[in-house]
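Annotated chlorophyll a ChlzD1 binding site per Swiss-Prot: His118, in sequence order, evidence recorded as sequence analysis. For Tyr126, the entry in Swiss-Prot reads pheophytin a binding site, with the evidence type sequence analysis. Residues annotated as [CaMn4O5] cluster binding site in Swiss-Prot: Asp170, Glu189, His332, Glu333, Asp342, Ala344. As annotated by Swiss-Prot, chlorophyll a PD1 binding site applies to His198. According to Swiss-Prot, the quinone binding site annotation covers His215, Ser264, Phe265. The Fe cation binding site annotation in Swiss-Prot covers His215, His272 and rests on sequence analysis. Annotated N-acetylthreonine per Swiss-Prot: Thr2, in sequence order, evidence recorded as similarity to another entry. Residues annotated as site 'Tyrosine radical intermediate' in Swiss-Prot: Tyr161. Feature annotation from Swiss-Prot assigns site 'Stabilizes free radical intermediate' to His190; the stated evidence is sequence analysis.
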Amino acid sequence: MTAILERRESESLWGRFCNWITSTENRLYIGWFGVLMIPTLLTATSVFIIAFIAAPPVDIDGIREPVSGSLLYGNNIISGAIIPTSAAIGLHFYPIWEAASVDEWLYNGGPYELIVLHFLLGVACYMGREWELSFRLGMRPWIAVAYSAPVAAATAVFLIYPIGQGSFSDGMPLGISGTFNFMIVFQAEHNILMHPFHMLGVAGVFGGSLFSAMHGSLVTSSLIRETTENESANEGYRFGQEEETYNIVAAHGYFGRLIFQYASFNNSRSLHFFLTAWPVVGIWFTALGISTMAFNLNGFNFNQSVVDSQGRVINTWADIINRANLGMEVMHERNAHNFPLDLAAVEAPSTNG
């Protein structure tokens, strides 16, 4: 008997690298999207931490009145933020090498653009990596589709809104009080609370929280009893056991009697699709609403008050909202302009002399 030994050619370094990147045996899957995700998110995180601690004040309104946002310049965790790039920069791409010096780059809020653009690229790649790992494992792609909702929301406030408004200075600041300031100004300028897409987002988030709590508590309560009536049902289970502990028939029966029969799912896949779709679709709509309001297609307005036969205004809640919006609008960027756009649009009276 003759044995023929064939010498295998050793795999190239590039081939081994490709196999390692796409291997599902790694403790953490990297993937081709991960090759871009890792450096972009590390960059965004590193610059965020450094800037939050030590960045000098930024001339956000482009009027030579810098606003402090970092901890070393007098802020705390609540008031601190990465201040958006200056209105003097607008939508220009503003990397470090475009500035005359690092001091100028910091003064004009360069870190904000750097963080936001790297962050958006990173989370988009994270979404792609979710799809990629699902594909390698033969799974369906809906995990990445669900994650597209927060990605769309982040893209709306950090990129689409500044594009629509003409400047990165209108983007959401990266901090707690900065986020609230963004929300208040957004309401003042766009009446977002009266936009149907925002209403759908509120229903999606609050409804999703309710359904998640209902589902979790129902599953936790619907135990397959392994014990007698004289001892606790909890005694029949070990934490993390492999055996099934949840009886969907019992859960369906309970919930069907608590509300009514057809309010309860008897199919696990239908139930979990609903739990996924409700908040995801709601947040999609909110992101779409932000993206349309970016171009000043705003929420409903009731600028024409209700009047009686004598022409006197009959105050409604709409008038209260209008007055609140005007109050918020005159208070923001108060040194950049003297009047909000609503008031400044009125033709000035002529004067004699």
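Cβ atoms here come from the backbone N, Cα and C positions, even for glycine.
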Fewest other C-beta atoms within 10 angstroms, as judged across His118, His198, His215, His272, His332, which are the binding-site residues: His272
Candidate nearest His272 (Fe cation binding site) in space, where candidates are the binding-site residues Tyr126, Glu189, Phe265, Glu333 and distance is Cα-Cα: Phe265
Protein Cβ atoms within 10 Å of the residue listed as 'pheophytin a binding site', excluding its own: 19
Between His198 (chlorophyll a PD1 binding site) and Phe265 (quinone binding site), the C-alpha gap once rounded to whole angstrom: 28
DSSP three-state assignment for Glu333 ([CaMn4O5] cluster binding site): coil
Asp170 ([CaMn4O5] cluster binding site) to Tyr161 (site 'Tyrosine radical intermediate') - Cα separation in whole Å: 7
Reduced DSSP assignment, His118 (chlorophyll a ChlzD1 binding site): helix
Shortest C-alpha distance to Tyr126 (pheophytin a binding site) - which of the recorded positions His118, Tyr161, Phe265, His332, Glu333: His118
Maximum Cα-Cα separation (Å), residues His215, Ser264, Phe265 listed as binding quinone: 11
Around the Cβ of Phe265 (quinone binding site), the count of other Cβ atoms that are within 10 Å: 19
